[in-house]
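Listed in Swiss-Prot for this protein:
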type: DOMAIN; residues: 313-393; note: domain 'PDZ 3'
type: LIPID; residues: C3; note: S-palmitoyl cysteine
type: LIPID; residues: C5; note: S-palmitoyl cysteine
type: MOD_RES; residues: S142; note: phosphoserine
type: MOD_RES; residues: S295; note: phosphoserine
type: MOD_RES; residues: S415; note: phosphoserine
type: MOD_RES; residues: S418; note: phosphoserine
type: MOD_RES; residues: T420; note: phosphothreonine
type: MOD_RES; residues: S422; note: phosphoserine
type: MOD_RES; residues: S425; note: phosphoserine
type: MOD_RES; residues: S449; note: phosphoserine
type: MOD_RES; residues: Y580; note: phosphotyrosine
type: MOD_RES; residues: S606; note: phosphoserine
type: MOD_RES; residues: S654; note: phosphoserine
type: MOD_RES; residues: Y715; note: phosphotyrosine
type: REGION; residues: 15-35; note: region 'Disordered'
Amino acid sequence: MDCLCIVTTKKYRYQDEDTPPLEHSPAHLPNQANSPPVIVNTDTLEAPGYELQVNGTEGEMEYEEITLERGNSGLGFSIAGGTDNPHIGDDPSIFITKIIPGGAAAQDGRLRVNDSILFVNEVDVREVTHSAAVEALKEAGSIVRLYVMRRKPPAEKIIEIKLIKGPKGLGFSIAGGVGNQHIPGDNSIYVTKIIEGGAAHKDGRLQIGDKILAVNSVGLEDVMHEDAVAALKNTYDVVYLKVAKPSNAYLSDSYAPPDITTSYSQHLDNEISHSSYLGTDYPTAMTPTSPRRYSPVAKDLLGEEDIPREPRRIVIHRGSTGLGFNIVGGEDGEGIFISFILAGGPADLSGELRKGDQILSVNGVDLRNASHEQAAIALKNAGQTVTIIAQYKPEEYSRFEAKIHDLREQLMNSSLGSGTASLRSNPKRGFYIRALFDYDKTKDCGFLSQALSFHFGDVLHVIDASDEEWWQARRVHSDSETDDIGFIPSKRRVERREWSRLKAKDWGSSSGSQGREDSVLSYETVTQMEVHYARPIIILGPTKDRANDDLLSEFPDKFGSCVPHTTRPKREYEIDGRDYHFVSSREKMEKDIQAHKFIEAGQYNSHLYGTSVQSVREVAEQGKHCILDVSANAVRRLQAAHLHPIAIFIRPRSLENVLEINKRITEEQARKAFDRATKLEQEFTECFSAIVEGDSFEEIYHKVKRVIEDLSGPYIWVPARERL
């Protein structure tokens with residue numbers, strides 16, 4: 001078996017030995033978190049599989065030791081591969097497939113997608129099963145040393161470009177920076193768009209995919225995105241750019257630029273339009289692209305006069321990214337047009353569709369006079385093999401570009417200060433929120449078709465909150481395997497629209513809506529933490545008692561109840577600590593209640609009864625979820641005691657729904673239950689971890705169990721101190 005050794009020249013090479021010498025194993029390497037990569041020519045390697053598959057280009061290989069500190073959300077990357085499930089061909093290596101934004105690896109900035117992991121601390125993971133690699137990473141502790149291999153990036157050509165600002169400014173857009181990586185694992189500032197007619201376009205040397213190293217004398221390597229924005233804004237008419245030109249071979253391993261960039265033109269270009277991305281909800285930033293994304297074909301190489309104008313028949317096979325194009329139009333019979341082709345997607349790979357095509361039909365469904373929604377539904381429901389009749393109509397499409405530009409201006413004008421030409425910098429970039437309402441983008445009258453639908457309780461990572469109406473955000477998944485990125489309505493937009501709705505609803509009444517604005521809920525800021533106990537369970541709403549009883553009887557090893565306290569005398573058959581904790585005096589229990597040692601307490605027949613924090617903690621630390629029959633007020637008291645509960649509200653859809661779920665109660669009882677639930681939701685929505693609904697108790701109970709499973713931890717989201 002080939003093994004990894006280290007010789008005195010600080011080069012790694014493979015030798016024909018069964019095991020590496022002990023003195024050269026990774027455990028005995030110097031613990032230098034920032035040690036430079038070690039370079040070795042591929043002619044010293046005897047493992048062609050690595051030479052062909054790892055990140056970079058053929059030629060030289062580099063090895064790097066990267067030390068990461070495990071964060072609240074883990075190490076912040078995903079892996080694939082292993083002897084039982086090779087990621088590329090027959091190569092058993094463990095590959096990095098994703099760098100999670102905001103995670104430990106992304107913040108460190110050195111680990112890259114397609115890096116091959118050789119060792120985790122002292123554990124050799126070069127030829128192990130996938131589960132063994134996962135276990136090695138899980139058991140590595142809080143400080144993890146990774147030994148990775150990649151191809152050495154090709155040498156970049158460095159040039160200096162002199163630009164003179166014109167009416168359209170510098171005329172290009174950028175993305176990237178520390179904490180806002182354009183390419184996972186790379187903090188560089190990249191050019192993502194050249195604006196036609198701008199200074200960069202007229203000069204002709206700056207291209208999409210170029211890396212900006214410096215502006216005048218200001219370096220842009222390893223800087224925040226906002227710093228790059230400021231450096232480009234604070235320039236005079238003559239600007240000198242230091243630019244690195246990447247090679248095509250390296251670009252093939254890169255990732256497509258995100259849809260939202262910062263534009264340096266007096267006419268903002270923020271890729272916000274009334275269009276539908278007809279693929280998955282993944283952003284283009286997370287989709288592998290072909291080199292042509294960074295090397296756009298010049299228009300004069302394929303003149304518009306060479307493109308046929310008659311209707312064409314195109315067959316596209318839906319891929320994992322959907323069909324891979326956006327559409328606009330559908331108002332007043334104006335037609336449906338393609339506005340964007342996703343690089344590397346099915347439409348792009350077919351080579352048959354282009355921006356400016358009008359879609360006449362989909363699988364025989366006539367779309368010539370269809371609305372935008374009708375066209376989107378037709379394309380979504382078209383199946384795996386989609387037959388499209390399209391006709392190239394650039395003149396008609398140009399009308400949409402003008403309309404889109406006007407919409408952008410209207411949106412941006414609401415969030416830009418006078419005299420500025422770029423998105424206003426906002427200090428609240430990169431924070432996490434929990435949604436306190438359901439949002440269905442199809443019911444929003446706004447024009448952002450790339451909006452992101454979500455449900456109550458979903459955690460969202462806000463990537464960019466610089467616009468006052470729409471925030472760019474990523475839905476956070478517990479498995480960190482997939483990302484849904486899009487636009488969500490800002491807190492201001494949500495609350496303004498809800499306030500307008502309430503005002504319209506109460507218009508003409510004597511009391512009006514005075515004082516209701518404070519009750520409008522949108523989002524709450526959250527932070528992630530690790531817990532080492534089983535979270536208490538509080539179920540609220542109709543049928544909560546039945547759900548509690550079923551959990552205790554069906555899963556006695558996972559759920560338990562705590563022993564309450566009381567001041568009443570112990571009866572002969574009762575045992576202290578089993579039936580109740582009998583408190584010796586009323587004064588003592590009252591003092592403990594005032595000291596917030598109880599999450600809930602009350603009086604019955606002149607005796608005090610209550611549930612103490614310590615009783616709940618004892619059950620939780622035994623690894624059982626403590627089922628609590630308490631009011632919603634107990635949620636905040638448990639949070640204050642650092643025992644963060646899972647609070648589930650069973651929301652009845654209607655009075656009839658209450659009767660259907662519980663057929664044993666009368667209509668009057670159902671009405672009271674429905675009214676109590678309505679009031680409970682109005683007063684305590686922000687305390688709920690999740691809201692469940694159902695047409696039967698069985699459906700509700702199934703959803704309750706799933707919520708508990710999803711929110712059990714060990715990593716959970718809790719309210720943060722910061723306010724939006």
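Backbone N, Cα and C atoms are what each Cβ position is placed from, and that goes for glycine too.
Overlay of Swiss-Prot feature records on the structure.
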| residue | record | DSSP class |
| --- | --- | --- |
| S142 | phosphoserine | coil |
| Y580 | phosphotyrosine | strand |
| S606 | phosphoserine | coil |
| S654 | phosphoserine | coil |
| Y715 | phosphotyrosine | strand |
To the nearest whole angstrom, state the Cα distance for the pair S654 (phosphoserine) and S606 (phosphoserine).
39
Summary of DSSP states over the domain 'PDZ 3' (313-393), given as helix, strand and coil counts:
14 helix, 34 strand, 33 coil
Can you tell me the CA-to-CA distance separating S142 (phosphoserine) and Y715 (phosphotyrosine), as a whole number of Å?
14
Does Y580 (phosphotyrosine) have same-chain partners at least 6 apart in sequence with Cβ under 8 Å from its own Cβ, and which are they?
V563, P564, H565, T566, K570, E574
Could you pull the average pLDDT for the domain 'PDZ 3' (313-393)?
84
How many neighbouring Cβ atoms, not counting its own, are there within 10 Å of the Cβ of S606 (phosphoserine)?
8
